[in-house]
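S.K.: This structure is in structure tokens; I'll ask about it shortly.
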Amino acid sequence: MDLLLVEKTLLALFAAIIASIFISKLRGKRFKLPPGPVPVPIFGNWLQVGDDLNHRNLTDLAKKFGEIFLLRMGQRNLVVVSSPNLAKEVLHTQGVEFGSRTRNVVFDIFTGKGQDMVFTVYGEHWRKMRRIMTVPFFTNKVVQQYRTGWEAEAAAVVDDVKKNPKAATEGVVIRKRLQLMMYNNMFRIMFDRRFESEDDPLFVKLKMLNGERSRLAQSFEYNYGDFIPILRPFLKGYLKLCKEVKEKRFQLFKDYFVDERKKLGSTKSMDNNQLKCAIDHILDAKDKGEINEDNVLYIVENINVAAIETTLWSIEWAIAELVNHPEIQAKLRHELVSQLGPGVQVTEPDLHKLPYLQAVIKETLRLRMAIPLLVPHMNLHDAKLGGYDIPAESKILVNAWWLANNPDQWKKPEEFRPERFLEEESKVEANGNDFRYLPFGVGRRSCPGIILALPILGITIGRLVQNFELLPPPGQDKVDTTEKGGQFSLHILKHSTIVAKPRVL
């Protein structure tokens, strides 16, 4: 950093201190703010709580300050909600007031400052994007159109694992093959395309760029520059890398997928009844002037991240828990055999006949929630919540993981026990009918991908348990389930090596 930049930073720091003190006094008179640790000028609570605002750290703060608390992170207000009643207020009762998305220096790059659907503010653009994405992605018709493809992809995973001699002895990182499956599941829907193998050069490049995008976006290491603008010059290299990754991804999306589909469409005359895949519907909306070319790419961006990775994390968590709980794995296998018959492979229409499989999925989503803090919400205007004033443009986090793991709300929540969803919690569903359990959120900004995720989880987990005895690698009693939390993600820290012994069907 040159001398001029240092001088400017120090001048900005002095000005910000004066402004912070003034605003703090003004707001102290105006607002009845939620409780929280006492902030200091400029940095707020950042020096006290640091960058790592994962679900467990926020749970510890909730135990100290209550079901709603405020963190002043530099110039940003961060309100954390940790009770079902307040979650209902944010997501349902006051869903319009808290229906926007907060800004973030990194997500601003990856979403073009909200040109996508997931991270845009609540309003006309969001309604338009949600409508355009719903028909080709998030309906029962889509499930029925693509379910046989999902079943074929799961069958291919089973075949490939059986062919790998290491799988039944020393074990394999099965996640790698499942990642290819998930890309194929979603790229069938998006582009009527699939990748033949893990070594496909285009798949390798796409996976690498998407992985780097997720790492950069979910990391806590850029928080200081996002919260405290005077420190943003220190993020220059980080943000430059984000821009480079975005440009490479979008060029790849455009050259190899969107433009290829355009060329195919130009050689055929297709009306709406002949549109084969999601991108056809989206390009049709662009041709009608409803969205622009950039919006098309941001939709592809959303699906590449939100639909693929989150479902993959949940599959990986489910496998790890079944390996570590062989009695649950055996009970699930017994249900599959007794309900479907020996050797009969589970299909999507079978899922409603398999309550224990559904309970295993629900329990995985409860204990190992892929998005434990949901996607952050924001109020565009001053609002009220829990008897407190919430200043405009506050970032609102719903700690959905704690809602589903609070011992005051659940019986022995630390245990992986699918039976709870067949016994005392039998009426609780993943669609948000109970505000203690919100793996996909609820309300206007809930995740529409639930309609795809649940059947894919059921087919994949069911087939793996039918065809293999899933075990930890030699010399280990269990696989490591240490968590890796992100800005609002939760995945397993170390991708597990799993022994998959083929079963005689």
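Residue 1 is the first one shown; counting continues down the chain.
Glycine too: its Cβ is placed from the backbone N, Cα and C atoms.
Per Swiss-Prot, the features are:
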{"type": "TRANSMEM", "residues": "3-23", "note": "transmembrane segment"}
{"type": "BINDING", "residues": "Arg213, Ser214, Arg215, Leu216, Ala217, Gln218, Ala306", "note": "(E)-cinnamate binding site"}
{"type": "BINDING", "residues": "Cys447", "note": "heme binding site"}
S.K.: Could you give the Cα-Cα distance between Ser214 ((E)-cinnamate binding site) and the residue listed as 'heme binding site', in whole Å?
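M.R.: Their Cα atoms are separated by 18 Å.
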S.K.: Other than Arg213, Ser214, Arg215, Leu216, Ala217, Gln218, Ala306, which residues of the same chain sit close to (E)-cinnamate? List them in sequence order, counting a residue when its Cβ is within 8 Å of the Cβ centroid of the site.
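M.R.: So the additional residues around the site are Phe110, Asn210, Gly211, Glu212, Ser219, Val305, Gly486.
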S.K.: Tell me whether Leu216 ((E)-cinnamate binding site) sits in a helix, a strand or coil according to DSSP.
M.R.: helix
S.K.: Where does Ala306 ((E)-cinnamate binding site) sit by DSSP, helix, strand or coil?
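M.R.: For Ala306 ((E)-cinnamate binding site) - judged by DSSP and reduced to three states - the answer is helix.
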S.K.: Looking at the binding-site residues Arg213, Arg215, which sits with the largest number of other Cβ atoms within 10 Å of its Cβ?
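M.R.: When each Cβ's neighbours within 10 Å are tallied, Arg213 leads.
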S.K.: Which number gives the other C-beta atoms within 10 angstroms of the C-beta of Ala306 ((E)-cinnamate binding site), all protein chains shown included?
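M.R.: So the Cβ neighbour count for Ala306 ((E)-cinnamate binding site) comes to 19.
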S.K.: Using only the residues recorded as binding (E)-cinnamate (Arg213, Ser214, Arg215, Leu216, Ala217, Gln218, Ala306), report the maximum Cα-Cα distance in Å, whole number please.
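M.R.: Farthest-apart Cα atoms in Arg213, Ser214, Arg215, Leu216, Ala217, Gln218, Ala306 are separated by 15 Å.
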S.K.: Considering the binding-site residues Leu216, Cys447, which residue's Cβ sits among the greatest number of other Cβ atoms within 10 Å?
M.R.: Cys447
S.K.: Residues with Cβ closer than 8 Å to the Cβ of Gln218 ((E)-cinnamate binding site), same chain and 6+ apart in sequence?
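M.R.: Expected: Gly486, Gln487, Phe488, Ser489.
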S.K.: Name the residues of the same chain, 6+ apart in sequence, whose Cβ is under 8 Å from the Cβ of Ala217 ((E)-cinnamate binding site)?
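M.R.: In sequence order, Val106, Phe107, Phe110, Cys242, Val305, Gly486, Gln487 meet the Cβ cut-off.
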S.K.: Express the distance between the Cα positions of Ala306 ((E)-cinnamate binding site) and the residue listed as 'heme binding site' as a whole number of Å.
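M.R.: One finds 9 Å between the Cα atoms of these residues.
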